[in-house]
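According to Swiss-Prot, the features are:
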BINDING   G11, T12, S13, M14, D15, G16, V17, D18  ATP binding site
Amino acid sequence: MTAIYIGVMTGTSMDGVDFVAASFDPLHIHATLTLPFEPALRDELMALTLPGDNEIDRMGKADVGLAKLIGHGINMLIEQNHLDRHVIKAIGSHGQTIRHRPEHGFTLQIGDPHIITELTGIPVISDFRRRDMAAGGQGAPLVPAFHQAIFQHSTIHRVILNLGGIANVSLLPAGNPDGVYGFDTGPANILMDAWCERYTGHPYDENGNWAAYGQPIRALLERLQAHEFFSKKPPKSTGREDFNLDWLDDQLADWRNDELEYDELEDTPENVQATLLKLTTRAIKKAIYRSELDTGEVYVCGGGAYNSHLLEQLRWRLRKHHWSVQSTSVLGLSPTWVEATAFAWLAMRFMQQQSANLPSVTGAAGFRILGTITSV
């Protein structure tokens, strides 16, 4: 019978947990599910991702709470879709990243795999990032290897753009498996969602309508772009440690205190939102235009794929070199499920004892088998 792998993903946006049951060769999605975080768990996880003095007790409590939610979700996925547990070979659980510091050689994801295995009776592959980091890599992004396996084309250059909390690109040169590379370009939903929730009470800016109502603030944009991450050369990765509301508030305060740059008429929440959106699209454009790919196709996944204003702005920015911008749904995989499917694929690679990182992407010393197993 066809082997099925379950992928579980919680990203920097922290809007919930995505579950995918998939088989490969060829890719087939058997079932999907999303479970939202309980507000208390989300608050705990959010607090743990921000720099500061975080209690070990808080981390332990969140580690257990998230694992129980994941275990419950997997059982629900299996039962609601009448999947046969005997053909499910493994679960690939990314966990929630609460700290990612490649410059210091460490990354930490929580969501106890032992609890998940105990609740489901299925082996869990977890802790995917640290082996790459031990080999000198960034430990991220890991999904470009999956993008290469599923989306690379023999005659057309493609870019897979993931718009989660952080934006990252996988650059797939036509017919050149050895030429694949990718990296984080900077914040995507992580700042826009937080700013939107603060001022509107909504968890995200639906279709980018609020940002579309505003106008980017040039002086503020220049301050935001001065963050050292944007001047780094790949391989590079980032997260909530670098881009968060505290950082944004600091930049806003500096701008407001600059008598030469500050204009009170520009200082509206919707203009700040428009500025954050432009920060995202400008970094993506820079990443694509500085690549060796002259023209081709951009396919977008992640929550940002549903931000129609962002995609319109991106099409406009990439018009010069005739890049098309579409959802990965055109390629047969919904943008909602790409990352969770990638971790099902990573679980399969581990079970087959095959490498899953791309040194050209992460900067690792070589190809490595990623993850550790918690057996039944």
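Every residue gets a Cβ built from N, Cα and C, even glycine.
Annotated features taken from Swiss-Prot, shown on the structure.
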{"residue": "G11", "record": "ATP binding site", "Cβ neighbours (10 Å)": "22"}
{"residue": "T12", "record": "ATP binding site", "Cβ neighbours (10 Å)": "22"}
{"residue": "S13", "record": "ATP binding site", "Cβ neighbours (10 Å)": "22"}
{"residue": "M14", "record": "ATP binding site", "Cβ neighbours (10 Å)": "23"}
{"residue": "D15", "record": "ATP binding site", "Cβ neighbours (10 Å)": "19"}
{"residue": "G16", "record": "ATP binding site", "Cβ neighbours (10 Å)": "17"}
{"residue": "V17", "record": "ATP binding site", "Cβ neighbours (10 Å)": "25"}
{"residue": "D18", "record": "ATP binding site", "Cβ neighbours (10 Å)": "23"}
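Reduced to three states, the DSSP call for S13 (ATP binding site) is coil. Compute the center of the Cβ atoms of G11, T12, S13, M14, D15, G16, V17, D18, which mark the site for ATP; besides them, the chain residues with Cβ within 8 Å of that center are M9, T10, F37, G164, G165.
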